[in-house]
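All remarks here apply to the structure that follows.
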Amino acid sequence: MSSIKIECVLRENCRCGESPVWEEASNSLLFVDIPAKKVCRWDSLSKRVQQVTVDAPVSSVALRQGGGYVATVGTKFCALNWEDQSAVALATVDKDKKNNRFNDGKVDPAGRYFAGTMAEETAPAVLERHQGSLYSLFPDHHVEKYFDQVDISNGLDWSLDHKIFYYIDSLSYSVDAFDYDLQTGKISNRRSIYKLEKEEQIPDGMCIDADGKLWVACYNGGRVIHLDPETGKRLQTLKLPVVKTTSCCFGGKDYSEMYVTCARDGMDPKDLLQQPEAGGIFKITGLGVKGIPPYPYAG
Ligand SMILES: O=C(O)[C@H](O)[C@@H](O)[C@H](O)[C@H](O)CO
Ligand SMILES: [Zn+2]
């Protein structure tokens with residue numbers, strides 16, 4: 001039996017930390033703080049954080065094949081240049097929805113950048129419903145829309161054989177699967193593979209491991225749940241010392257560590273005193289399973 005260790009490796013006080021992504025080339029963890037409009041890069045060797053501030057809420061970040069990054073900023077897919085701190089728009093979505101912004105995003109195995117939108121929240125999980133849509137930015141910078149009527153577009157990942165797309169619309173309290181056509185980027189045959197239990201609260205970010213199992217961060221649930229998408233069973237629950245856990249990814253040596261982001265927004269002063277690491281970055285070791293490297297955007 002491996003012994004699981006959970007530690008806060010960075011007390012960043014993120015208002016809403018999200019989109020953890022491991023960058024092997026720099027031994028770093030990238031993540032965003034959405035309302036703070038910041039993209040951060042934590043060097044796991046020097047323990048230093050660098051950040052780039054953009055001009056609108058930044059909800060996800062991803063690696064880019066030719067170097068640099070891409071990010072979803074406001075309702076724009078952007079190219080992010082770390083050196084000159086610039087974010088250049090590649091495409092804009094939801095032009096008719098002034099109160100919308102992007103939320104979680106991730107690159108598919110063919111290099112398309114998938115991300116969904118939501119109405120801006122007035123408080124965590126309080127928002128005008130059915131305003132969001134799911135999109136992807138193709139390597140040639142054109143955008144395709146998959147569906148609308150989304151409440152809070154959140155976690156996404158692909159099966160190891162690239163034939164299934166996993167997706168979370170948070171307020172459905174469900175982890176869904178679609179058949180996936182990697183050649184065309186088309187999705188079909190939506191079904192639920194797991195319904196959250198009440199105490200698990202709101203499904204948020206997610207990632208797949210090298211065994212093809214899913215890990216879902218549960219907002220307000222203070223946990224990451226480990227799911228078998230084939231049987232629909234929960235295999236394990238990892239409890240964290242913070243309640244607003246938002247997303248997770250694998251990283252570190254051979255992708256053997258898990259990194260978890262979380263939020264401070266929406267917590268009252270008493271909760272903040274009890275959870276001083278809220279908004280930090282957590283590292284979990286001893287899971288006995290590895291992750292897979294993130295796919296870079298191919299455009
Ligand atoms: O990061 C996100 O996905 C949303 O932007 C956050 O606001 C919360 O996680 C959400 O409220 C919980 O469902
Ligand atoms: Zn999220």
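Each residue, glycine too, has its Cβ placed from N, Cα and C.
Now, the feature entries from TrEMBL:
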DOMAIN    16-263  domain 'SMP-30/Gluconolactonase/LRE-like region'
BINDING   E18, N154, D204  divalent metal cation binding site
BINDING   R101, N103, E121  substrate binding site
ACT_SITE  D204  active site, proton donor/acceptor
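Taken residue by residue with DSSP, R101 (substrate binding site) is part of a strand. The binding-site residues under consideration are E121, D204. Their Cβ neighbour counts within 10 Å are lowest for E121. In sequence order, S19, N103, D104, I152, G155, I168, S170, G205, A217, Y219, T246, S247 are the same-chain residues whose CB sits within 8 A of the CB centroid of E18, N154, D204, the residues recorded for divalent metal cation being left out. Distances between the Cα of E18 (divalent metal cation binding site) and those of the binding-site residues R101, N103, E121 are shortest for N103. Counting only the Cα atoms, the space from D204 (divalent metal cation binding site) to E121 (substrate binding site) is about 15 angstrom. Annotation for the binding-site residues N103, N154: lowest Cβ count within 10 Å of the residue's own Cβ, N103.
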